[in-house]
Amino acid sequence: MVDAGTILAQLADPYLLLVIVASAAYGLAIGSIPGLTALMATALLVPFIIFMAPLPAIASIITASAMAIFAGDIPGALLRMPGTPASAAYTDDAFKLTRQGKSATALGAGLFASAFGGVASATILTLCAPWLARIALSFSSVEYFWLGVLGLSCATFVAGPSLLKGLASLLFGLFLATMGLDPISGMPRFTFGSTNLVGGLGLIPVLIGLFAVSELLRNSYGQDRQMSEKAKPASIVKTVVKLMWPHKIGLLRGSLLGTVVGSLPGAGSDIAAWISYALAKKSSKRGNSDTEEGAVERIMSASAANNASLGGAYIPATVFGIPGDAITAIVISVMFIKGVNPGPTLFLNQPQVIYAIFAIFFLANLLMLPLGIACIRGFGLILRLPTSIISPVILLFCILGAFSVENTLFAVGLVALFGLLGYVMEENEVPLAPAILGLILGPLLEQTFMTTMLKSQGDLLTFFNRPIGGTIGAVTILVWALIIGLKLFASRDAKNDSSLADTAS
Amino acid sequence: MKAHDSIVGLVVAILGGAIALYSQSLVPPRHLNYGPGFFPLLIGIGLVLVGGGLIVQGYVTGRDKPLFYRPRWLENRQLVFRFWIIPIAILFYWLAVTPLGFLATATILLAMIQIANGVRWKLAFAVALITALVVNILFASILHVPLSWGVLTPISGLFIW
Amino acid sequence: MICSRNYLLALTVAPFMVSAGWAADFPTRPVTIIVPAAAGGGGDTTTRILARSIEQEMGWTVSIINQGQGGGVVGLTSMVNAEPDGYTVGLLFPYAGYKYTGQADFAGADFSPIANFNGDSSSLVTSASSPFETLAGALDAIKAEPSKYKIHCSGGCGSVWDVPVAGMMMDYGIEVEKITWIPGQGAATGLQELASGGVDFQTVSLPEASGLISAGLVRPLGVLSPEPVPGFEDVPLAGEVMGHPVDGGTWRALGGPAGVSDDIIKAWEDAAQKAVQSDSFKNAMKTANFGVKWMPTEDLAVLMKSHEEDTARVMAALGYSK
């Protein structure tokens, strides 16, 4: 450890602070616009920061991505359009609270949990990054496969009333993920000779289409439907501060889980949020209930997890130079350009740089509270403009978001297609969230399954041969058995109830 | 448009069948135990099973429900227009942005939907132009997103900062 | 460095030159470089460094478009289909492998080569717990029992890192088709597999593995470069085992769609050369651990030809046929 004085002295640089504040405002603005995501916020920063001094450059990415991941909750809660894939897990919960006039609770819970998750992961990062990185490195394709299967079980929690329709949506998402190049042989699949399809369906255009555009379509004919509550919003700080303590377990669980999942290369903030959401729902009575309290518990757990995973992703990135997600891939290349080569030698030779980076995590996540509240207020004000003017602007941002992530006009076409599809699915009570989950997890599942089979030459037993992998595998199978058992049990109960109701009426 | 659960199931099952069939045409180029068609085959079979389940469930629980349900708003032509203007606007953007450039395309797109929503056309065009201008400056000039300049291409050097 | 032109090509194109305009007039508006890779990563980083130096040296405005979908197929396709007016060029890198996996069919004739500016050598690495200490020891063991070993390709198999290593192994007398080649989604997935004991070897560039090498978790056995790689002087050269210099890995060049007029190519070549020779470019590449490898248009065309031939030979041996 280096002494705290040198680090604070580095942070006291006014230029650095200016960069942090500017990146924070930028991250919040991008993240809170439906259609514009955290990854896009980071990618658009590249031309600006790539030639800055190392510390401001990395500080800018850390701050902007943390703010954007949180800000993705805002359109999710107020408009039912998740700003990032990571907030798709709890969009419905948050929007339900907003419909009840409790947007301050929904967004405040997200904001404080995000900041908490960020600070918690920064603490873990500072205290035990090298140690955690070694654990992450013991994961081979077997362990990743089981993690993916465990992640799939989340689908049943967001399936809505009909399990079958939820599964149909999940499988549809998995199918969409197979379009493009097969990860093993590189063969094109379902591309019908189109070069655009060889690239597969980007997650972001599909997400924007399914959630944001379908919501615009639904709003287009309901004149009476307001886009948000008009009532004066309650004080966020007052509402949420008293909610923090009762939900401490959920917050801690989410933060810890987020950091660990984030530290696994290839499993990003979206997977962390989904798994944390599922755990909150499964492992506590409070998290499973349909009340406001239950929703807050789930929002807090998942929100803490997606921000914590951002910090977690820096563990393998700084210790071994292995990117945890697309955002840290950009961070690593910026670090290389600056000659700050990530790796264990960085901890030995330039500890002041690495701990300054970790310190920026604390700073950024604390800054999130005041700026986040201002952003929520500002967003609320914009929504008071007439819907007839706001909704076309949202549509423009949806198009722009899809285009700037993929840089192809084909992505714009996908937005229209999946907008209509999402509308039809919702009308027929087929939930959208499982499809997004399938699209996120599909590539991970298929790659790891195929890689494992290549390595073992087709021996399925290999999935249980490794100590960690076998354990996760057993747990996963148990969870699935439990889910199916419970669902069968519950549906029998429901049938009994409905038959009782029938006889009663 | 809402369809009967059995019809939803039928669509799901047909999709699954098509995926499973297509997966058979994916032959691994080398000696692989599980080829590129393996996952699509599993997914296809899964969709067929789920679709079949939905058909049965729909038949058991909803025999008295109509096959298709037409929501009331479909009878109001103005509302139908407001609905379809959204996908049409996206398609318009797709086709027009390269030749016309972002500024003109975005202005027309924004104004088009606002007018469809009942905003007066003068106000609609003013709002559209200002929004498109701000977005264009923000994204193309400052953030360097490669938006098309269309008719402005020859002088686009002046606008990239 | 003096660049000679391909006079035959120049003569055939000469009649069209008047209408295409002279190099002195180029460019009159911003130019675009398509990078067939996502933001971050080697291709994107090196191109951005080059683009900045071109802006500084020539006063051009360069915008960069990232199209990384489909392992680069989408970006290369937009490059091939771009208007051949020289205002849209792209990053060109080993492209011949796509043909054998059925993804796309790019040939040298689809591009107008401009100049090569960067290259990274492929290397064979193993985990620290592996019994193999030397390249010769590893190659002998693989030769004796090729079906026993698993090698990670870093990217998709049949591409930049594994093809040169497989070529070297063929020269060593190894039956490469019996080895299990494991494809992945970039160097990180491979390093993860290597460190967790999932594979025996990996083909990768040294800078990408440097973090794990300095952590003592990964051991480089040999690098396919004719001279020591800066920053990795301790890594033995593959040539020492093979008895002749071995050179293989990725190359990164600028190229346009087919049919760009010769004087515009020349304008680009001059711009790239000025940029590559500038101190800012050299320093930026050095800090970021990227090797500078300058090759004028003519040499690049030769390199592309030999790249296509090498890939054909190795892919046939690996059991891909087309």
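Glycine is no exception: its Cβ is also placed from the backbone N, Cα and C atoms.
Keep in mind that TrEMBL annotations are predicted by a computer and have not been checked by a curator.
Features of the protein shown, as given by TrEMBL:
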- A:15-36: transmembrane segment (TRANSMEM)
- A:17-437: domain 'DUF112' (DOMAIN)
- A:48-71: transmembrane segment (TRANSMEM)
- A:106-132: transmembrane segment (TRANSMEM)
- A:144-177: transmembrane segment (TRANSMEM)
- A:197-217: transmembrane segment (TRANSMEM)
- A:313-337: transmembrane segment (TRANSMEM)
- A:353-374: transmembrane segment (TRANSMEM)
- A:381-403: transmembrane segment (TRANSMEM)
- A:409-425: transmembrane segment (TRANSMEM)
- A:432-450: transmembrane segment (TRANSMEM)
- A:470-490: transmembrane segment (TRANSMEM)
Legend entry - Long-range neighbours of the transmembrane segment (A:197-217), counting only residues six or more past its ends (CB under 8 A): 34-35, 37, 39-40, 75, 79-82, 85, 88, 91, 176-177, 179-181, 188, 190-191, 391, 394-395, 398, 401-402, 405-406, 408, 411-412, 414-423, 425-426, 432, 435-436, 439-440
Legend entry - Most Cβ pairs under 8 Å with the transmembrane segment (A:106-132), selected from A:15-36, A:313-337, A:381-403, A:432-450: A:313-337
Legend entry - Proximity verdict for the transmembrane segment (A:15-36) and the transmembrane segment (A:381-403), three or more C-beta pairs under 8 Å: yes
Inset, instruction - Report the listed stretch (A:144-177, A:313-337, A:353-374, A:409-425) having the maximum count of Cβ pairs within less than 8 Å of the transmembrane segment (A:48-71). - result: A:353-374
Legend entry - Beyond the flanks of the transmembrane segment (A:353-374) by 6 or more, those residues with Cβ under 8 Å of it: 1-2, 7-8, 10-11, 20-21, 24-25, 28, 54-55, 58-59, 62-63, 66-67, 70-71, 111-112, 114-115, 118-119, 121-122, 125-126, 129, 236-237, 307, 311, 314, 318, 340, 346-347
Legend entry - Spatial neighbours of the transmembrane segment (A:409-425) far in sequence, C-beta under 8 Å, 6+ residues away: 169, 196, 201-202, 204-206, 208-214, 216-218, 398-399, 402-403, 431-432, 435
Inset, instruction - Kindly state the mean pLDDT of the domain 'DUF112' (A:17-437) in the predicted structure. - result: 84
